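Chemist: Sharing a structure, written as structure tokens. Questions coming.
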Amino acid sequence: MKFALRLLSVITTFVMLIVLIGGALVTKTGSGLGCGRQWPLCHGRFFPEMNPASIIEWSHRMSTGVSTILVLALAVLCWKKISPVFRETKFLVIMSIIFLLLQALLGALAVVFGSNALVMALHFGISLISFASVLLLALLVFEATRSETKLVKPLHIGKKMQFHIYGLITYTYIVVYTGAYVRHTKSSLACSVFPFCSKDGALPAYFNQWVQMSHRAAALLLFVWIFVAMFHAMKHYKEQKQLYYGWIISAILITLQAISGVMSVYSQLALGYALAHSFFISCLFGVLCYFCLLIARFKYESKEPFK
């Protein structure tokens, strides 16, 4: 049973990541209406027509359907087997289900009735929360089925580190929204050079350029903030390996995220760079959510405040 639960948690997390990347693929390739304004059918049929847009949209719908079944199965088993061990299990189960259903509903409504960029930019963010919830459930599954040292130990986490973690997870979500808004307003190539919008460094001239440059400015602050948090962890948390290495991983991910973003511009939105951009931010958000789990464990299990 332990092996089966672990395997299910890994497969579910992987499929949720596919759903995230698949949604980005749908947006990048303009395949949102590849099946017309019908849901769940594709142009009145279960199987799509043999053209790229229909296949991409249909595959995304199928992966969402598979992920729903897997998440529900994992949720039931975690509720029964893991929640008696870890109190946070029920919260994560509820979050994973609610946000998975929300993202599926939002996607279906957008297909049938249409939507605007402000609303559709939420679609990726909602999926991101569901993915992170499933990822944390998978960590709890592995922790609960181990007989040795805990994977998620209660740590001493100071107020400054808590500020970095809570602030960064909130701000990262905002940056994710601005990035999704860039995609849905078709502003990805509004500025053809980097770091400025034009070679002469002039201010943005129209709406799409302002959208693109706003995202770049927000992403730059995120990049700097994560490195500040990493240096703080390296100085004060050398003995607490989850935080020490977690922040190093975060710095690597935000660097790869920045590189993939720049290369997306210079490659004229080459699909590989564009999808990598979504992949790295998903992983980064997952790491930050893991930090939040560490804080929750620390606050619950520590009797004295960390000085």
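Any Cβ shown, glycine's included, is placed from N, Cα and C.
These came from Swiss-Prot, pasted as-is:
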- E57: active site (ACT_SITE)
- H60, H123: heme o binding site (BINDING)
- H215, H277: heme b binding site (BINDING)
- C35-C42: disulfide bond (DISULFID)
- C191-C197: disulfide bond (DISULFID)
- 1-6: topological domain 'Cytoplasmic' (TOPO_DOM)
- 28-65: topological domain 'Extracellular' (TOPO_DOM)
- 87-92: topological domain 'Cytoplasmic' (TOPO_DOM)
- 114-121: topological domain 'Extracellular' (TOPO_DOM)
- 143-161: topological domain 'Cytoplasmic' (TOPO_DOM)
- 183-216: topological domain 'Extracellular' (TOPO_DOM)
- 238-242: topological domain 'Cytoplasmic' (TOPO_DOM)
- 264-274: topological domain 'Extracellular' (TOPO_DOM)
- 296-307: topological domain 'Cytoplasmic' (TOPO_DOM)
- 7-27: transmembrane segment (TRANSMEM)
- 66-86: transmembrane segment (TRANSMEM)
- 93-113: transmembrane segment (TRANSMEM)
- 122-142: transmembrane segment (TRANSMEM)
- 162-182: transmembrane segment (TRANSMEM)
- 217-237: transmembrane segment (TRANSMEM)
- 243-263: transmembrane segment (TRANSMEM)
- 275-295: transmembrane segment (TRANSMEM)
Chemist: Given C35 (disulfide bond) and the residue listed as 'active site', what distance in Å do their CA atoms have, once rounded to a whole number?
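Modeler: Computed Cα spacing between C35 (disulfide bond) and the residue listed as 'active site' is 7 Å.
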Chemist: If I take the Cα of C191 (disulfide bond) as reference, which of the recorded positions E57, H60, H123, H215, H277 has the closest Cα?
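Modeler: Closest recorded candidate to C191 (disulfide bond) by Cα: H215.
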Chemist: Between C35, C42, which of the disulfide-bonded residues has the fewest other CB atoms within 10 angstroms in the structure shown?
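Modeler: Each of the disulfide-bonded residues C35, C42 was scored by Cβ atoms within 10 Å; lowest is C42.
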Chemist: Under an 8 Å Cβ to Cβ limit, what residues of the same chain, 6 or more beyond the ends of the topological domain 'Extracellular' (264-274), are close to it?
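Modeler: For the topological domain 'Extracellular' (264-274), the nonlocal Cβ contacts are 24-25, 28-29, 188-189, 191-194.
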Chemist: With contact taken as 3 or more Cβ pairs under 8 angstroms (pairs 6 or more apart in sequence), are the transmembrane segment (66-86) and the transmembrane segment (122-142) in contact?
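Modeler: Yes, the stretches contact each other.
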Chemist: Along the topological domain 'Extracellular' (28-65), what average pLDDT does this model show?
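Modeler: Overall, the topological domain 'Extracellular' (28-65) comes to a mean pLDDT of 80.
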Chemist: Look up C191 (disulfide bond) in the DSSP assignment and report helix, strand or coil.
Modeler: coil
Chemist: Tally every other Cβ atom lying within 10 Å of the Cβ atom of C191 (disulfide bond).
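Modeler: The Cβ of C191 (disulfide bond) has 21 Cβ neighbours within 10 Å.
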Chemist: Test of understanding: applying the rule of at least three C-beta pairs under 8 Å (pairs 6 or more apart in sequence), is the transmembrane segment (275-295) touching the transmembrane segment (162-182)?
Modeler: yes
Chemist: What's the CA-CA gap between C42 (disulfide bond) and E57 (active site) in angstrom, rounded?
Modeler: 9
Chemist: Take the Cβ of H277 (heme b binding site) and count every other Cβ within 10 Å, whichever protein chain it belongs to.
Modeler: 25
